[in-house]
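Heads up: the structure comes next, in C-alpha cells.
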Amino acid sequence: MEKARPLWANPLQFVFACISYAVGLGNVWRFPYLCQMYGGGSFLVPYVIMLIVEGMPLLYLELAVGQRMRQGSIGAWRTISPYLGGVGLASVVVSFFLSTYYNIINAWAFWYLFHSFQEPLPWAVCPLNDNRTGYDEECEKASSTQYFWYRKTLNISPSIQDSGRVQWEPALCLILAWLVVYLCILRGTETTGKLEQLANPKAWINAATQIFFSLGLGFGSLIAFASYNEPSNNCQKHAVIVSLINSSTSIFASIVTFSIYGFKATFNYESCLDKVILLLTNSFDLEDGFLTASNLEQVKGYLASAFPDKYSEVLPQMKNCSLQSELATAVQGTGLSFIVYTEAIKNMEVSQLWSVLYFFMLLMLGIGSMLGNTAAILTPLTDSKVISSHLPKEAISGLVCLVNCVIGLVFTMESGNYWFDIFNDYAATLSLLLIVLVETVAVCYVYGLRRFEGDLKAMTGCTLSWYWKAMWAGVSPLLIVSLFLFYLSDYILTGTLQYQAWDAAQGQLVTKDYPPYALAVIGLLVAASIMCIPLVALGTFVRRCLKRGDTPPVA
C-alpha cells in the first residue's frame with residue numbers, strides 16, 4: 001500500500017505553483033540583458049531552439065520522475081537506484097545554498113518598498129554634505145540612485161576583506177522576508193535585430209544557460225511539486241505550458257525593460273545636453289535661449305575657433321553626450337533592478353506609485369521562487385521517517401527557515417554584497433549541470449527508457465512520442481556536456497577570479513582579485529554539492545559489501 005500523501009487540490013494549482021517557481025527575478029534582470037548583448041530580437045532564435053531541445057524535455061523529465069516516484073528528490077533517485085541517492089542530496093545542498101542568499105533580494109525589495117512612500121523618493125536626489133554647503137561628494141561622483149544602493153542600502157565596504165558589521169535595517173528586512181516565506185510554507189500543498197550574432201557561439205551557449213536556470217532544473221523543486229500530483233496527472237502537457245509561459249514572461253519583461261532603457265537613455269542624454277548648454281551659456285555670456293540642442297554642435301565649433309584659449313579651459317568640464325552610448329549600456333542583476341529601474345522610476349510622473357508597484361512585483365517574483373526553493377529542501381526532510389517521526393512539519397520548516405536566516409545575515413554585512421555575488425555566480429552553475437546530466441542518464445540508461453515509458457503510459461494513458469525519447473536519450477545529455485565543458489574551460493582560462501568592488505572616492509566600481517580564502521569558499525560551494533553524488537554511491541557500495549560480508553575489491 002502506498003502511504004498517504006498530500007495532493008494538490010486540482011491540476012491548475014500545481015501548474016500555478018510551477019509557474020510561480022520558474023518565473024523569477026532572472027526573467028526580469030537576466031533575459032533582457034542577454035537580448036541586448038546578443039542582437040536583440042535575433043537572440044530569440046537560439047533561445048527558442050534551446051527551449052525545444054533542452055528546456056521542455058528536461059522539465060518534463062523532472063515532473064515525470066516526481067509524479068512517478070511520489071517522493072522528494074532524495075527518495076525519488078534512491079528509488080531509481082540506491083546508488084543515486086547522492087543526486088537528490090546534491091539537489092538539496094544546491095537549493096540550501098540558493099535559499100541562503102536568494103532571500104536577501106527579497107529583503108532589499110522590502111527595503112526599497114518601504115522607502116517608496118516618501119516624497120521625494122530618497123534615491124531621487126543626492127543628500128547634502130556634512131557642512132550643508134553642497135551635495136555629498138560620493139553621490140555627486142556617482143549618481144543619486146547608485147549612492148542610495150551602495151551607501152544607504154548596502155553601506156558597502158571597499159573590498160571583501162573589510163567585512164564590517166551587520167546592517168540592522170537590511171537584517172530586519174531579511175527576517176521579515178523569511179517570516180513571510182515561513183507563513184506561506186505553513187499553508188501547505190493544499191492551499192499554496194543583429195542577425196550576425198547568430199554566428200556567435202556565446203549567444204547559443206547563453207540561450208541554453210538561460211533556459212536551463214530559468215526553469216529551475218536540477219534543484220529538486222519540480223520533483224517535489226510533482227510528487228504531490230495524482231498519478232494520472234498529464235505532466236507532459238503541464239511541462240509544455242510552464243515552459244511556454246516562463247519564456248513568454250521573459251520576452252514580455254524584455255519589452256518593458258527596453259522601454260525603461262529608452263526612457264532612461266533619453267532622459268540622461270537630454271540632461272547632459274542641458275548641462276553643456278548651461279555651461280557654455282554662462283562661460284561665454286551667451287543670450288538665454290540662443291543655444292539649443294539643435295545648434296549645439298555648430299555653436300561649439302564656432303566657439304572653439306573664435307575663442308580657442310577660453311574654450312580649451314571649459315572643454316574638460318563638458319561631458320560627451322551620446323544617446324547611442326546611453327542605449328548601449330547593458331546591465332544585469334541587482335544593478336538593473338535596484339539602479340537602472342529606480343533611475344527611470346524617479347523621473348516618472350507619480351513616481352511613488354510606480355515604485356510601490358515595481359518593488360511589490362519584485363517581491364511576488366522573489367517569494368514565489370523562494371517557496372519552490374524551500375520545497376526542494378523540506379520535501380525530502382518531511383519524507384524521511386527518521387526526521388518526521390520526531391519533529392512535526394511546522395518545526396522542520398521553522399528550523400530550515402531559521403538556519404537559512406541566520407546564515408543569510410552574512411549578506412547584510414558591509415561586505416555582504418561581495419559574498420552575494422560569490423554565491424550567485426558559483427553556488428549553482430557547474431553543480432546543476434552535473435546533477436541534471438546524471439538525472440537524464442539515470443532515467444534513460446539506469447532505470448531504462450523503455451521501462452520509464454511504460455510507467456508513464458500506465459499512469460497517464462499517453463504514449464511517449466519520439467521527440468521526448470530522442471531529447472532525453474541523446475540531444476539533451478550532449479548539450480549539457482557541452483555546457484559543462486564550456487563553463488569548466490571558461491573558469492580555467494579566466495585565471496585569477498575577480499570581482500567588482502565599490503570605490504567611494506571615485507564613485508564607481510573597480511576590479512579586484514578575490515583573496516585566497518574567498519577562492520577557497522568558491523571551491524567549497526562547487527564541491528559541496530557535486531561530491532555528494534560519488535560519495536553517496538561509494539558509501540552505498542561499501543555498505544552493501546559489508547552487509548553481504550564481502551570485502552570491497554582494492555584495485
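Here the Cβ of each residue, glycine as well, is placed from N, Cα and C on the backbone.
Automatic prediction, not curation, is the source of TrEMBL annotations.
What TrEMBL says about this one:
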BINDING   Ala22, Val23, Asn27, Ser214, Asn246, Leu365, Ser369  Na(+) binding site
TRANSMEM  12-31  transmembrane segment
TRANSMEM  43-61  transmembrane segment
TRANSMEM  82-104  transmembrane segment
TRANSMEM  168-186  transmembrane segment
TRANSMEM  207-228  transmembrane segment
TRANSMEM  240-263  transmembrane segment
TRANSMEM  357-378  transmembrane segment
TRANSMEM  426-449  transmembrane segment
TRANSMEM  470-489  transmembrane segment
TRANSMEM  517-538  transmembrane segment
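If you draw a 10 Å sphere around the CB of Asn246 (Na(+) binding site), it holds 25 other CB atoms from the protein chains shown. Of the candidate ranges 43-61, 207-228, 357-378, 517-538, 357-378 contributes the most Cβ pairs within a distance under 8 Å of the transmembrane segment (168-186). Within its own chain, Asn27 (Na(+) binding site) has Ser214, Asn246, Thr249, Ser250, Ala253, Leu365 as residues 6 or more apart in sequence whose C-beta sits under 8 angstroms from its own. Comparing the binding-site residues Ser214, Ser369 on other C-beta atoms within 10 angstroms of each C-beta gives the minimum for Ser214. Panel annotation: around the transmembrane segment (470-489), residues 50, 53-54, 57-58, 61, 205, 208-209, 212, 429-430, 433-434, 436-437, 440-441, 443-444, 449 of the same chain, lying at least six beyond its termini, place a Cβ under 8 Å from a Cβ of the stretch. In sequence order, Ile245, Asn246, Thr249, Leu365, Gly368 are the residues near Val23 (Na(+) binding site), counting only same-chain partners six or more apart with C-beta under 8 A. The recorded stretches the transmembrane segment (426-449) and the transmembrane segment (43-61) share 3+ CB pairs below 8 A when only pairs 6 or more apart in sequence are counted, and are therefore in contact. When the binding-site residues Ala22, Leu365 are scored by other C-beta atoms within 10 Å, Ala22 scores highest.
Comparison of 82-104, 240-263, 357-378 by number of C-beta pairs under 8 angstroms to the transmembrane segment (12-31) places 357-378 first. Beyond the ends of the transmembrane segment (82-104), by six or more residues, the same chain brings 72-76, 170, 174, 177-178, 181, 218-221, 223, 366, 369-370, 373-374, 376-377, 380, 404-405, 407-408, 411-412, 416, 419-420, 423-424, 427-428, 431-432, 434-435, 438-439, 442, 446, 525, 528-530, 532-537, 540-541, 544 to within a C-beta distance below 8 angstroms of the stretch. The Na(+) site, placed at the center of the C-beta atoms of Ala22, Val23, Asn27, Ser214, Asn246, Leu365, Ser369, has further neighbours from the same chain whose C-beta lies within 8 angstroms: Ile19, Tyr21, Gly24, Leu25, Gly26, Leu215, Gly216, Thr249, Ser250, Gly368.
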